[in-house]
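The annotation signal peptide is assigned in Swiss-Prot to 1-16. Under the heading pyrrolidone carboxylic acid, Swiss-Prot lists Q17. Sequence annotations record features per position, and here Swiss-Prot assigns sulfotyrosine to Y46, Y47, Y49. For 52-92, the entry in Swiss-Prot reads region 'Disordered'. Summarising the annotation, Swiss-Prot assigns compositional bias 'Low complexity' to 59-70. Annotation source Swiss-Prot lists disulfide bond at C153-C183, C160-C176, C169-C180, citing sequence analysis. Positions annotated as domain 'ShKT' by Swiss-Prot, on the basis of sequence analysis: 153-183.
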Amino acid sequence: MRAACLFLLFMPGLLAQGQYDLDPLPPFPDHVQYNHYGDQIDNADYYDYQEVSPRTPEEQFQSQQQVQQEVIPAPTPEPAAAGDLETEPTEPGPLDCREEQYPCTRLYSIHKPCKQCLNEVCFYSLRRVYVVNKEICVRTVCAHEELLRADLCRDKFSKCGVMAVSGLCQSVAASCARSCGGC
């Protein structure tokens, strides 16, 4: 019984030793794995760093200091003749923006305390009160966004443009004003 217990105790160790058995040959020997690359490596390109005579760190530092840098100026465009200048049509970019002020009215709902008294007993209750606040608001308007909005409006509500050109704007003025800002 004692021998069986000792055998079972040492069994995992014996199994583990068998897994890590050292073979004299690696699983992928170099001579088998890389032999077809031998003809592709040119021996003239091979550089053995061990053949170089070792230099002291001071000599290496001095050789690094002797390296000169050559500064090459960047090419500058030659100025064109006055007749050759062509201006390209540019579309408004993201920098073509302006701040625009407009009157805006905001409606707020607040709870205002309201004092109510009955004979000599007073109590407070909250009453909902609507406050109209007239302000001057500021928005940033960019030209490229206005062009996109105008294109979308023209595509989506083409009848507004047709009616405006033909002079019949009043017949569709309400729908055009809601969608595109009027005729």
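Placement of Cβ uses the backbone N, Cα and C atoms for every residue, glycine included.
Other Cβ atoms within 10 Å of the Cβ of C153 (disulfide bond), summed over all protein chains shown, number 16.
Looking just at the domain 'ShKT' (153-183), the mean pLDDT is 63. The secondary structure of C153 (disulfide bond), as reduced to three states from DSSP, is helical.
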